[in-house]
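Just below is one structure, and these are the notes that go with it.
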Amino acid sequence: MREESWEDHDTIQLTAQRKYLAEVQALETLLTRELSAFLTEPGSKKTNIINRITGKTYALPSTELLRLYEHLEQCRKQGALMYFLERQGTYSGLMLDYDLKLNTNAVPPLEPPALSRLCHRIFVHIKNSSVLPEGSHKIHFFFTLKPEVVQGKYGFHVLIPGLKLAASTKKSIIGSLQHDATVQKILHEQGVANPESCLDPHSASVPSLLYGSSKLNHKPYQLKTGFELVFDSSDPDYIPIHQIKNIESYNLVSELSLTNEQGSLVRPVYCAADIAAEKEEEIPTDDHSLSILMLHDPEARYLHKILNLLPPEYYVEYPLWSNVVFALANTSANYRPLAEWFSQKCPEKWNTGGKEKLEKLWNDASRHTEKKITKRSIMYWAHKHAPQQYKEIVEQGYFSILAEYVYSYNGMLEHYMIAKVIYAMMGNKFVVDVDSNGKYVWFEFVLPGQPMNQGEIWKWRKEVNPDELHIYISENFSRVMDRITEHIKYHLSQPHETNILNYYKKLLKAFERSKSKIFNDSFKKGVIRQAEFLFRQRSFIQTLDTNPHLLGVGNGVLSIETIPAKLINHFHEHPIHQYTHICYVPFNPENPWTKLLLNALQDIIPELDARLWIMFYLSTAIFRGLKEALMLLWLGGGCNGKTFLMRLVAMVLGDHYASKLNISLLTSCRETAEKPNSAFMRLKGRGYGYFEETNKSEVLNTSRLKEMVNPGDVTARELNQKQESFQMTATMVAASNYNFIIDTTDHGTWRRLRHYRSKVKFCHNPDPGNPYEKKEDPRFIHEYIMDPDCQNAFFSILVYFWEKLQKEYNGQIKKVFCPTIESETEAYRKSQDTLHRFITERVVESPSAETVYNLSEVVTAYAEWYNANINVKRHIALELSQELENSVLEKYLQWSPNKTRILKGCRILHKFETLQPGESYIGVSTAGTLLNTPICEPKNKWWEWSPNLSAPPEKEASAPTP
């Protein structure tokens, strides 16, 4: 059997001693029932007793103090752990705290002769710093020693409880003692390496431990000896001193108290303060917040140990230190004491504004919750730098939590108790939240080495049932329980009293019965049900995949927030659940698959400017935030590669990020508000959506079109689900063998559309003289599109164009110069929108024109043009006026003084009339004519070109439009 460390013993013994020590039970009864009337608020000046175990503070009168001292003395004699402090009052005894660094690891002798000499020197400084009362007085000195030397460090306290001094007087005494050469010589003779700096200057006013009490995870100081010094003001030079005999016969908790005035041995001697003491000082009520936090919060104790594993750079270098502070703040607002303690590990920085920096950083962390670093990161850093020590601490933490339950409930373990330990073990790996149907849903953070589907690594996987927890309870948890058995048997082997041994025997018997439950299916299901409440992280589901710059990929998480994109293939705290199975690899144009695809793109879209624009546009599919309000309409008669390209984008992004959409979504009438629309819900959270293969002459529903393209919130619902609101984030492409019919003159709709017409056709036997006929390769459709290497290469191409778009065009598609698509869009609009055709053919911008047209005159001119060029029909003037106000003429329309609309700065041409100097057509300069199609040479690095108003690369050649 191995004895547990003192730290283990400390936390477990606190629980166990309540069961078998009647003295401890009596003390708890006294505190909870009889002394509760004397409780004070933390920080109250009335406080004189602090209970570190509970964090409660008391203002006890002298009679109740004596009762408390009696109970504490009985507990001390039984070896009970205690954590009581007394607050030093305005006048109280003197405590000197010596923290020694030794030349060796041997305990210094500190024999009575040396301690007697030390008493004389201390008294000299007392006489010099205060006014002792007239008459003869006995002054008692007590020496309490640290139980053992730890890494060359040792300590002792000098207690002078009867001498009642002001705080300022104590500080004066301590200040002069620090420079006493005789005292330093005495300490040096005891093997002390730091005699000049070992006296703690803060011991004058901080709360002092009552005798028998200790700091958390430390043994209490033990009384070495005591001395009685006699001072008579009538003969101040004669100061006899002798060692106190039978000292253990007294109530030492009472006698060594700095505030007690009714001791049997020690009687109070009140000393007048010096001049500096006349102004009453406020005595600090140091609440030892870190100690109290660690007593009450097992996780805080655990984090304290974990933080100790971090190397110095984490508290020296600002970026790493700030991450630790953010992690603590995001984990719990109560962990501020941990942040202070960790920051003080670098005294140089702490003493030069460190506290102020921590204050600011802590407040920033509280306000800016988007920086999601929590304790999970601290665990990762500690495991990374000290894996073996980390493992030991983690295992010890599980043991301590379970042991507390075992000792508190006499060995009987229930579902919640096991769940609590499981949460400590697996709380960083599993999360539970409630979904929209009110059901508890488990999520597991997938790590390397465990079974998974492609793409799940480094992401939160949804679990129908946490099977790993079921297995873990039976196979791993049993090892922790075996340590509890070992711990109980260790105590049974010790020479305890009969009642204590009987307690451990009963405990072991009950615990062995509990151990077998972890192999029972029903019991484990009960544990899992209780664990749901512990693992619950509210709104976790709502936070999943909300960062539009993060994309789950096959080998981790891709961040496109910075340029270049960054692959996160290690531990992180981004709540990512969705993913594509594609692995991210940086763009490499020399990669064979990349070369193949770049050449294929060159064949599919022969115009350089159009090819670049379309690739920029498609690259925005990897971003799931709000985008420019655009939709690409792609016309092609078949066998031209448009379907291959659109499907490849969707296949690369996967079903979580892309969706093929039903064309009826664009062509059908909108459903009523209360009806479901599963097709529309397919756009929720998607970065890409595409339509393909429509029937001839499909008429688009323009109101639905605007709703889908406009950035902003929309509402819809799935069948049997509640109405949801979500943002439209998809990059959308609609492909067809036939032109869509868009029956609107609304400029707000048309400015959101871009149109491209395929020119190339892939044939089995292409005409060598026709540059727009290419040799078909069925492998693209049946083989390449399914190849993971091909998909990875195409994904790298998308990321490359996304980065290029951000760097060169500030992420804005509309800044990309593309005369081919602009011209084709204009031509398409004119074929659909007769009003726009009239405007682009007959209305010109004429800054020098003096003629001003009433809107009714423009309506008349359009009606005459329509009847002459399109068809004779009856026009409704009011409707035409409204259409003109929503057309490209909108910016030229003004209000006249008589509140009518007028057209200014333009001129309406008559038939066969030409432009005058300074005039220009409204719309694209080519007036909708198709541009010549540039054909790129196969080896031209077309992807490096940046479209602007300059000419294309030299290797581009021109060919007539087919």
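Cβ from N, Cα, C; glycine included.
Keep in mind that what you see is a predicted model, and the values were worked out from it rather than measured.
Features reported for this protein in Swiss-Prot:
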type	residues	note
BINDING	GLY636, GLY637, GLY638, CYS639, ASN640, GLY641, LYS642, THR643	ATP binding site
DOMAIN	607-775	domain 'SF3 helicase'
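Within the group of binding-site residues (ASN640, THR643), the Cβ with the highest number of other Cβ atoms inside 10 Å belongs to ASN640.
With a 10 A radius on its CB, GLY637 (ATP binding site) counts 11 other CB atoms from all the protein chains. Neighbour count (other Cβ atoms within 10 Å of the Cβ, all protein chains): 24 for LYS642 (ATP binding site).
Residues GLY636, GLY637, GLY638, CYS639, ASN640, GLY641, LYS642, THR643 make up the record's ATP site, and a Cβ search at 8 Å around their centroid adds ASN737, SER758, LYS761, PHE762 from the same chain. Looking only at the domain 'SF3 helicase' (607-775), the predicted model's pLDDT averages out at 87.
If you take the C-beta of GLY636 (ATP binding site) and look for same-chain residues 6 or more apart in sequence within under 8 angstroms, you find LYS642, ALA735, SER736, ASN737, ARG757, SER758.
Taking the binding-site residues GLY638, GLY641 in turn, the residue surrounded by the fewest other Cβ atoms inside 10 Å of its Cβ turns out to be GLY638. On its own chain, CYS639 (ATP binding site) has LYS761, PHE762, CYS763, GLU776 as residues at least 6 apart in sequence with a Cβ closer than 8 Å to its own Cβ.
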